[in-house]
Amino acid sequence: MFHGSGLFALLLIVLEWTRPGLSSPLRPICDLRVLDHFIKEAWDAEAAMRACKDACSIATNFTVPLTRVDFDVWEAMNIEERAQEVQSGLHVLNEAISSLQASNQTDVLQSHIDASISNIASIRQVLRSLSIPEYVPPTSGGEDKEMQIVSSISELFQVHINFLRGKVRLLLANAPVCHQGVS
């Protein structure tokens, strides 16, 4: 299997896009095994960061999305609100993980950081294939209401895992395009 930079999902997207006879350049990717691949890679990155301890420490705080889900609130949200929450969280995670690129990590850890950034881009591509609206920065200063601060790289990647397992999975599992024609 592919290890690393989200090549699995990218390959699926390209294969679907180049398949003859498609009227749309991007076919919906409704198989949650694609997300499971990204979750596994996020686990691997978190394990590598945890094992690294002092050599991977960095004296900074990271702003990350909250991962808890209030199911009553989630169910009351429409698809656009859910999409905005997930896309906003992916944006914040991408910013936090991208900030690690300049921290002179070991080659192995740098490969996990690069893979995580690539995987977030691939997840955004999967969301795009499902016609889920892209991230739109808020016009007012209310962006930090669903955010928290973590102080270690390991915690950052733990939030990454939990966000994928929680809100991203909920959004993908209930994407309207994946349930069309299913009764």
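Each residue, glycine too, has its Cβ placed from N, Cα and C.
The signal peptide annotation in TrEMBL covers 1-23.
All protein chains included, C30 (disulfide bond) registers 16 other Cβ atoms within 10 Å of its own Cβ. If you look up TrEMBL, you'll see C30-C178 (among others) marked as disulfide bond.
Under a cutoff of 8 A between CB atoms, and with a sequence separation of 6+ in the same chain, the neighbours of C52 (disulfide bond) are T106, L109, I153. Taken from TrEMBL, the feature disulfide bond applies to C52-C56 (among others).
Rounded to a whole number, the C-alpha distance linking C56 (disulfide bond) with C30 (disulfide bond) is 36 angstrom. For C178 (disulfide bond), the same-chain residues lying six or more positions away in sequence with a CB closer than 8 A to its CB are P28, C30, L130, L172.
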